[in-house]
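Asker: Okay, these came from TrEMBL:
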| type | residues | note |
| --- | --- | --- |
| ACT_SITE | A:Cys177 | active site, glycyl thioester intermediate |
| BINDING | A:28-33, A:Asp52, A:60-63, A:Lys76, A:121-126 | ATP binding site |
| BINDING | A:Cys162, A:Cys165, A:Cys437, A:Cys440 | Zn(2+) binding site |
| COMPBIAS | A:558-580 | compositional bias 'Basic and acidic residues' |
| DOMAIN | A:9-438 | domain 'THIF-type NAD/FAD binding fold' |
| REGION | A:556-632 | region 'Disordered' |
Amino acid sequence: MGREASITRIIGPENYARLQHFKCLIVGAGGIGSELLKDCILMGFGEIHIVDLDTIDLSNLNRQFLFRQKDIKQPKSTTAVKAVQHFSNSKLIPYQGNVMDTKQFPLHWFSQFDIFLNGLDNLAARRYVNKISQFLKKPLIESGTSGFDGYIQPILPGITECFDCTKKETPKTFPVCTIRSTPSQPIHCIVWAKNFLFNQLFTSDQSPTAGDSDDNDWGTDDKEEISRIKQETNELHDLQQVVHRQDKAHITDILKKLFIKDIEKLLQLDNLWKSRAKPVPLSESLIESTRYDHDSTDLSAVWGLEKQINQFIRVTGKLMDRISQEQYNIEFDKDDQDTLIFVATAANIRSHIFGIPIKTVFDIKQIAGNIIPAIATTNAIVAGLSTLTSLRLLNLLPYDKASSGLDVNMAFTARASNLSKDRYLSNPKLAPPNCNCAVCSKVARGVIKITIQGLEKLTLSQFIEMLKKQYGYPSETSLIDTSDQRLLVDFDFEDLLNRTLSQAKLRDGSVILFSDEEGDEREMYKQPLELYLDVVEDNAAALEVELPSLQIALFKPQKQDEKEEQEMTKEKSPANEENKNGIVILDEEENRGEKDNTATKRPRSPDQTLQDTKKAKTSKSSEYAEDIIELD
Amino acid sequence: MEPSSITSERLSKDEIDLYDRQIRLWGMAAQARMRSAKVLLIGLGSLGTEICKNVVLSGLGHLTILDDTLVQEEDLGSQFFISGGDVDSLKLDSAQSRIQDLNPRVELSFDTQSMESKTSDFYKGFDLVIGTELSTKQMTMLNELTRKYNIPIYLAGSNGLFAYIFVDLIQFDAEDEKLKGSQPTEKGQISTNTEVIEVRTRHDEDDDKKVFEVIKTRHYYKSFQQMIKTASLKGRLNRRQTKRLSSVLPLTLALLQTEDEIGKLNSRKLKEKAVVTCLQLGIPETVLDDTYVEQFTRQEGVQFAPVSAVIGGSIAQDVINILGKRQPPLNNFIVFDGITLDMPIFEF
């Protein structure tokens, strides 16, 4: 009996032979990815490719069991593959890179795989791999964990819901006035210290009024308060000059401005304090009497006010020393201790003033750095479920009763997430595609194979005519490059019509959206068509352009106001959000290097209502994680 | 159950950095308690390998692994601490440096004697015992000893795509918190083996309006022997729940109950046994699906890596929870279906 004894007793020798010819792609070599790699090898996949952009960090080692202390700073993908050699019988190919990089990973590279297994930590990459799976009509198993919570969602394009069929939660936001005038929780002070104060003092390109534009969500109509906030921002710009001059003698001026003068001004706005406890400014003598302190510090202890102040002074001085060497631009990084302690002490001093509990640096690191707890066990469970389900999606289970993709089960950790007492896992069957999903239902999707020569010869006008003819679109259409939402052609923009595709900056990996802008006599429109340009080598046999054969459905557009409402609910990227309307948010992608964690946003399921109950049950220790979990 | 010494000594900075992502989940105190725990793992097969990996990574204090087997060719398809060159050597000899390498902070002992050669004193020093892939006879004997010394035990095994977990913590008090709702939690029995013995309230330190209930529950357990002999669902399932029952529970129990005949079982015999089990459980024998009977017959005793990952992850998590005294423990029989991913928990 060889190593294949177990698997052949389960799936039979014929299916085992098929499995040995299957190629799978594991996206991510972090917590879930390491586990997936091990499970897929032991199960007997013939060939496994694994992609990860990241390098190994100390905090990975509690769960990413293929990595050791000596591997820190090494690439995850290649290190993982080295670590499994002793038990692997599969062909293994690692890549260090971003799976969304179309140069390194063009569509035809993805097309070699029979199945994709996700072990990702961020929304953008999840969406991207989902889209690739939709373009190629290949199965994907999506998964994620956050602390004790984990889920898997198998996706069969065209048959089941895709990743984007359910709305994903957007980052938690706070009105400006809560952050700037009336904080009531530690997180408000941390956001103030990190997103406002730190950036104003140490980051370049902080125009005096950044974030204070008039279409902000101020959370108040009080004109006096809004004008105070704007003035305060201007004054902070002066403090940045103190920092840039490396004028350490005046660090106490920063303290006095932030924690005495600004608070006194706030106190003058009587309206704010009618139903709130008034803040108490620091005393000048306390600031003056505080001495520098170079003692080693325990980051997991709660510091007294005096220690907060002297650490603030110490670390501000250190950041001043650094700023001229760092092009007058220091970014907050949770693993950069100076920036972390600055944010923590500033937040805590502000908390003290407003009668809010003080936090340890350890706790503040989690909130400011958007750290999601992660453990080996949940990752192992989720990867095991994902690997088992891959057998099902590849039709390798001889006794499987599933007659269609809709009989396949997703799963999530019902008991660990306090959703059930008598089921360790919940395993609802998959749902059909959401008919309103902009990714899998509302657009037709296909891949155009085009030669390099075709790209250089064909004009946009010729190209559009080809599309109209092939798919029966009316005369008025539009064409957009979706990578940067760049309009290429529509009824009143025809400047580029005579440019070739390559002149119009279309290239391998470009995704274009072709839309009907006219409709027919019954006001029915052809569905928009999203096309991936797959550039192939010139050769005598290949056609210059090969259009996919597709049936394009008709639809009746929604009325304008409904549409707007839908736009409102669409996910906005956090970066834009801040610029656009000044809502202060925690960054989504703060925790670089922490690549395997993700929030557990389960797809729609019969237990959906239970999930709301669960939120209410969140225990104290995970309270902040919960706020931050919503990010992904 | 108390860890052997309650050393809540502070964690070092290195430990805090290494265990950062889990301390944020269960706190420093639980991490420190885990460091003082002494655990025995019996059997380093596919399940044992997964459990071992998870508890060693988590920063357990001491782990002893007991396994007297030699590496077989077929082990290579379900275990990752061994390699092709290790066939015919003692498995623990081959695996030990790879296990220690996972986390140099954990104190490990490797014992290549057989379970049968151990006197009952051997078990005395452990805070917790985990037995994997054991026979019913071995599990019964082991559980008698752990009961004698008041040691919690987890038992698990798998049959290909299907697996089970049995838990006996004898009696265990757990504390859990939840947001206070309109209906306050009351003291008293809440399920077959569980009662609420104390309810306190706690105000959130950051937001005084948030009120939590701190609920102390007492969990009662049965021995393995008693569980397989008396397991019943009579009068406990409504129609919908009965409909959701799969063949996995009666077939798993039937295999545990008829062990002497293992290896000699064909699907007809197994089905006969399972029909008797259904009777004991008080569930209709129509629950038994022939394709499942056939799979159990073919896959009896087969170890399968992804199933081990799920079961090993679940056991290790529960072990960590009870050592760290977080979250209520499992109680007391769980079965897993690797096709549908169904994983019900039965309180027998």
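Quick reminder: no glycine exception, Cβ is built from N, Cα and C everywhere.
Whatever TrEMBL says is automated annotation, not expert-curated.
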Asker: Which residues in the same chain, at least 6 apart in sequence, have a Cβ under 8 Å from the Cβ of the residue listed as 'active site, glycyl thioester intermediate'?
Answerer: A:Trp218, A:Gly219, A:Thr220, A:Asp222, A:Glu225, A:Ile229
Asker: Using a 10 Å radius around its CB, how many other CB atoms surround A:Cys437 (Zn(2+) binding site)?
Answerer: 17
Asker: For A:Cys165 (Zn(2+) binding site), which of the binding-site residues A:Gly28, A:Gly31, A:Asp52 has the nearest Cα in space?
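Answerer: Considering only the listed binding-site residues, the nearest one is A:Gly28.
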Asker: Could you check which of the binding-site residues A:Gly31, A:Asp52, A:Asn62, A:Asp121, A:Ala124 is the closest Cα neighbour of A:Cys440 (Zn(2+) binding site)?
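Answerer: Ranked by Cα distance from A:Cys440 (Zn(2+) binding site), first place goes to A:Ala124.
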Asker: Any idea what the model's mean pLDDT is for the domain 'THIF-type NAD/FAD binding fold' (A:9-438)?
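Answerer: Computed over the domain 'THIF-type NAD/FAD binding fold' (A:9-438), the mean pLDDT is 91 on the 0 to 100 scale.
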Asker: Under DSSP, is A:Cys440 (Zn(2+) binding site) helix, strand or coil?
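Answerer: In the DSSP reduction, A:Cys440 (Zn(2+) binding site) maps to coil.
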Asker: Measure from the CA atom of A:Cys437 (Zn(2+) binding site) to the CA atom of A:Ala124 (ATP binding site) and give the result in Å, rounded to a whole number.
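Answerer: So the Cα of A:Cys437 (Zn(2+) binding site) lies 17 Å away from that of A:Ala124 (ATP binding site).
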Asker: Under 8 Å, Cβ to Cβ, against chain B: pull out the ones among the binding-site residues A:Asp52, A:Asn62, A:Cys162 that qualify, in sequence order.
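Answerer: Checking chain B against the binding-site residues, the residues within range (Cβ-Cβ under 8 Å) are A:Asn62.
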Asker: Would you list, in sequence order, the residues of this chain other than A:Cys162, A:Cys165, A:Cys437, A:Cys440 that have their CB within 8 A of the centroid of the site's CB atoms, where the site is the one recorded for Zn(2+)?
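Answerer: Output for this site, in sequence order: A:Gln134, A:Glu161, A:Phe163, A:Asp164, A:Pro433, A:Asn434, A:Val439, A:Ser441.
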Asker: By Cβ count within 10 Å, point out the most packed of the binding-site residues listed: A:Cys162, A:Cys165.
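Answerer: That would be A:Cys162, with the highest Cβ count within 10 Å.
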Asker: Reduced to three states, what secondary structure does DSSP give the residue listed as 'active site, glycyl thioester intermediate'?
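Answerer: Looking at the DSSP assignment, the residue listed as 'active site, glycyl thioester intermediate' belongs to a helix.
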Asker: Please report the number of other Cβ atoms within 10 Å of the Cβ of A:Asp121 (ATP binding site).
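Answerer: Other Cβ atoms found within 10 Å: 28.
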Asker: Can you tell me the three-state DSSP label for A:Ala124 (ATP binding site)?
Answerer: helix
Asker: If you count CB neighbours within 10 Å, which one among the binding-site residues A:Ala124, A:Cys440 has the smallest count?
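Answerer: Result for the binding-site residues A:Ala124, A:Cys440: minimum number of other Cβ atoms within 10 Å at A:Ala124.
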